[in-house]
């Protein structure tokens, strides 16, 4: 094994500070785009290919579950409790954001904390605004060539918004929290204040989840055909709760906080829990009149309370990045990563066994630990194959996707390229290339 060292005096160009954080979109030929590099003994530098491959794998899985989840429910999101393939995607994005942060701030050598904080806020703000544009309802999907959204019903949170929140929390920890002199044999102690932040965020999450009283509530539904009491052309649904610490879809504290702070009209209108048997949803996606009232309610899977533990996932990724930047040998890195991954997996499994379910919509602590462990194990495997053994050509496609992940997220997973292609049609909007491919190739 050739010895590897990290050169701490690398000076990134100022352009990197203007890029969006996690997804690392990079224009071809742009020499000033963000580069994460390892410097080897012969002074030949190269990108950390495994991190690009990890990002590419995250995007690939997102595309797979978005376009294949309807045909293969086993890879789509679990309706409520449990883990399916799709439930690992968001934690992978947050993990990659944390690793990237450690590399950026290691090389930039934060000198002016206020300036670094402002730059981090700007990056997070750009990503948040982009997320609102893509998932707020402005685009009407692949079945419509129209656009526009009523600001009274715009969805405020979503995938990119959650990444932005996790990014800024982890960035503030890296910028402002003190750290003692580096000691290889005391890795946990080196970033003790980061772990204190993790404990604090988890404590707040647990306190609010199990301590808040969720009263009975009701909501208006313009899209329901239920026989419930109607008022002004809308259907009024009532949900009976009057509980604390409930982790079901109807009466959890996370939903109550989002309804109170964001407003129920600004939440996601097609929550995944509609696929539960209790909701009795038809093959066409319609709810029946016998469905419980909460099945009609909007719910934000990227909500405020669950963003606390999602931010913890990003801080955990930050610690993996610290190992990458501070330790010099492949063996040391892999040993530390493996130990942390196994520890998180064991802790998360224990919590799941004692009654804290694995739940993506609530981003429970057990879910956060288990998926962070899965992300860590995946990153270990990719680092071993790509950066240690040098099997880079095998993962070339994923590496390319990882280098352009934000662009691919926007164009493919957000359906912008599909919508754009459907805009060119012959005589009728249905006579477009996407419709032809779906009807003549995919469906056959």
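Each Cβ is built from the backbone N, Cα and C atoms, and glycine gets one as well.
These figures come from a predicted structure and were not determined experimentally.
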Of the residue ranges 12-32, 159-179, the one that TrEMBL records as transmembrane segment
159-179
Range annotated as transmembrane segment - as stated in TrEMBL, picked from 53-76, 221-244:
53-76
Sequence-distant contacts of the transmembrane segment (191-213), meaning Cβ under 8 Å and at least 6 residues beyond its ends, amount to 169, 173-174, 177-180, 242-245, 247, 252-254, 256-257, 305, 308-309, 311-312, 315-316, 318-319, 322, 362, 365
Please give the sequence-distant neighbours of the transmembrane segment (88-106): residues at least 6 beyond its ends with Cβ less than 8 Å from one of its Cβ atoms.
6, 8, 12, 16, 21-24, 34, 36, 48, 51, 54-55, 57-58, 61-62, 65, 116, 159, 162-163, 166-167, 170-171, 174-175, 310, 313-322, 324-326, 360, 368, 371-372, 374-376, 378-379
For the transmembrane segment (127-147) and the transmembrane segment (159-179), decide whether they are in contact, meaning at least 3 CB pairs lie under 8 A, counting pairs 6 or more apart in sequence.
yes
Using DSSP three-state counts, the residues of the domain 'Heparan-alpha-glucosaminide N-acetyltransferase catalytic' (47-173) come to 82 helix, 4 strand, 41 coil
